[in-house]
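K.L.:
From TrEMBL, for reference:
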TRANSMEM  28-46  transmembrane segment
TRANSMEM  58-79  transmembrane segment
TRANSMEM  86-103  transmembrane segment
TRANSMEM  115-137  transmembrane segment
TRANSMEM  158-177  transmembrane segment
TRANSMEM  189-209  transmembrane segment
TRANSMEM  244-265  transmembrane segment
TRANSMEM  311-329  transmembrane segment
TRANSMEM  341-368  transmembrane segment
TRANSMEM  404-423  transmembrane segment
Amino acid sequence: MATDEETPLLVENLPSTPTLNHKRDVHILCWAFLLIFLAYGAAQNLESTINTEGDLGTISLGILYSSFTFFSVLASLVVRKLGSKNALILGTTGYWLFIAANLKPTWYTMVPASLYLGFAASIIWVAQGTYLTSAAHSHANDYNLHEGTVIGKFNGEFWGMFASHQLVGNLITLAMLRDEKGGSTSGTTLLFVVFLCSMTLGTVLMCFLSKRNGKEEGLQDSRVTFSSSVVSLLKAMLNLLLDIRILLIIPLIAYSGLQQAFVWAEYTKHIVKPTLGERGVGGAMAVYGVFDAICSLAAGRLTFSLSSITIIVSGGALIQIIVLLWLLLGYSVAGGVLGTIYPLLIGALWGIGDGVLNTQLSALIGILFKHDLEGAFAQLKLWQSASIAVVFFISSSISLQTMVITLLAALCISVAGFLFLTLKVEKAFSFRAS
C-alpha cells in the first residue's frame, strides 16, 4: 500500500499514484540540495577563518545549531501542515539569508540569520527525509519492488550527490580565493554572490518537485487549531520516545552529529591547518567529500534489509575507531610528503564513515518508522543538531585529545545500542508481526 507521507497517521487507504515519476523527483531533490549545500557547506568551512572578530563565525554556527535543535521539536508539525514540498521550498530561504548576511558580517546580521537558519534547517531536513522515503515507498509499491532495497538505493543516490557538495563547493572556493591576501574582501564578496546564485537555482529546482499525494498539501483539516496540533505533536513525540527502537538509535544519531562537527571544528583546525595551512583546508575537505560521496552511493546500493544495514554500519564504525585510535595513540604532525598524505588520508577515511552513517540512519528510520516519518526524522535532526551545537560551543576550550576520547566513548556506546537493537529487539518485533 502506498504511504501518504503528508498524513501517515490519519490516512492509510489512499490509492497509489503510479503517474508520479518518483525517480525524477529524487533526481531533482538531489540536484537542488547539491546547489544549495555546495554554497552553504563551503561557507560553513570558512566561518572560523573569515569572521574572526569576536569569534563571530564560530559563535554564529553554535547559535545556528542551537536554534536547529530547538525548532526540530516543532519541525514535524510544520512539515505536516505545509506538506513536504512546500516545506522544502521554505527551508531554502534560511540558507539564502545566511549567505546574504555574510556579505555584511556583523552581530546584527549574522545572529538573526543564524537563528532563522536553525528554523529553516529543521524544516528542510525533516521534509527531505519524509519526501525521499515517501517516494521510495511509493516507487516500491507501484513497481512491486522490495521496499528496503528501494529505500537504500534512493538514500544512496541522495547522500552520494549531497556529499559531493564538499568537493564542488571547496573547489569553487579554492579557485576564487587562490589569490586573496590577508584582509582583502573583494574575492570573498564575489564568492558569496556566486553562492547566492547557486542557492537561487536550487530553490527554483525545488518548485518542480511533485507533491507526494493526490490532494492539495497542507490543507488536510482547517478545523484543527494550532494548539490542538501542538498537543497532538507532543503526544506523538512522547509515544515515539517510549519506543525502545528509537531510544536505541538516538545514541548513534547523536554520534553522527558529533563526528560531523569534529570535521568542521577540529579536523580542519588541528590536523589540516598545521601541515597544509589555511589554503589546504579546501583541498582536504574536497577529499573528504569525494570519499563521502563514493561511500554513500556504494552503501546505498548494498542496502536491502536490517541485516545489511547492520553489516554496513559496523564496517563504518570500525573505520572510524581505527582513525580515532590513530589520533589518540600514534598521530603526530609530520613534515614532507607524509605531512601532506596523513591529513588527506584521515579525511578520506572519515568521509567513508560519514557516508555510511548518513545513508544507513536514513534507511533505518525509513524502514522502522514508515508510519510516522515526520516525527522520526525530526528526532534524527533534533539529536544530530544538538550534538553539533555542543561541539561548536566547547571546541575552543578543550583539546584535540579530549575530543577524540569523547568521540571514541560515544561511538562505542552508540554501536553497542545499535547492535542490541538489530540483534535482539527488532527480531522480537518481526516475530510479533508474523
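Any Cβ shown, glycine's included, is placed from N, Cα and C.
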K.L.:
Using a Cβ cut-off of under 8 Å, list the residues of the same chain at least 6 residues beyond the transmembrane segment (341-368) that approach it.
P.N.:
129, 132-133, 136-137, 147-148, 151-152, 155-156, 158-160, 162-163, 245, 249, 252-253, 255-256, 259-260, 262-263, 267, 271-272, 275-276, 280, 283-285, 287-296, 298-300, 303, 305-306, 309, 312-313, 315-317, 319-320, 322-323, 326-327, 331, 334, 376-377, 380, 426
K.L.:
The transmembrane segment (86-103): which same-chain residues, six or more beyond its ends, come within Cβ distance under 8 Å?
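P.N.:
Long-range Cβ neighbours of the transmembrane segment (86-103): 29, 32, 36-37, 39-40, 43, 50-51, 64, 78-79, 109-110, 112-114, 116-121, 123-128, 131, 189, 192-193, 195-196, 199-200, 202-203, 206-207, 209, 217-218.
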K.L.:
May I ask which of the stretches 58-79, 158-177, 311-329, 404-423 has the most CB pairs under 8 A with the transmembrane segment (244-265)?
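P.N.:
Stretch with maximum Cβ contacts: 404-423.
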K.L.:
Counting only CB pairs under 8 A, let me know which of 28-46, 115-137, 158-177, 404-423 has the most with the transmembrane segment (58-79).
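P.N.:
Ranking 28-46, 115-137, 158-177, 404-423 by Cβ pairs under 8 Å to the transmembrane segment (58-79) puts 115-137 first.
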K.L.:
Under 8 Å between C-beta atoms and at least six residues away from its ends: which parts of the chain pack against the transmembrane segment (158-177)?
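P.N.:
Answer is 26, 29-31, 33-34, 37-39, 41-42, 45-46, 128, 132, 187-188, 190-191, 194, 279, 281-283, 285-286, 288-290, 292-297, 300, 351, 354-355, 358-359, 362.
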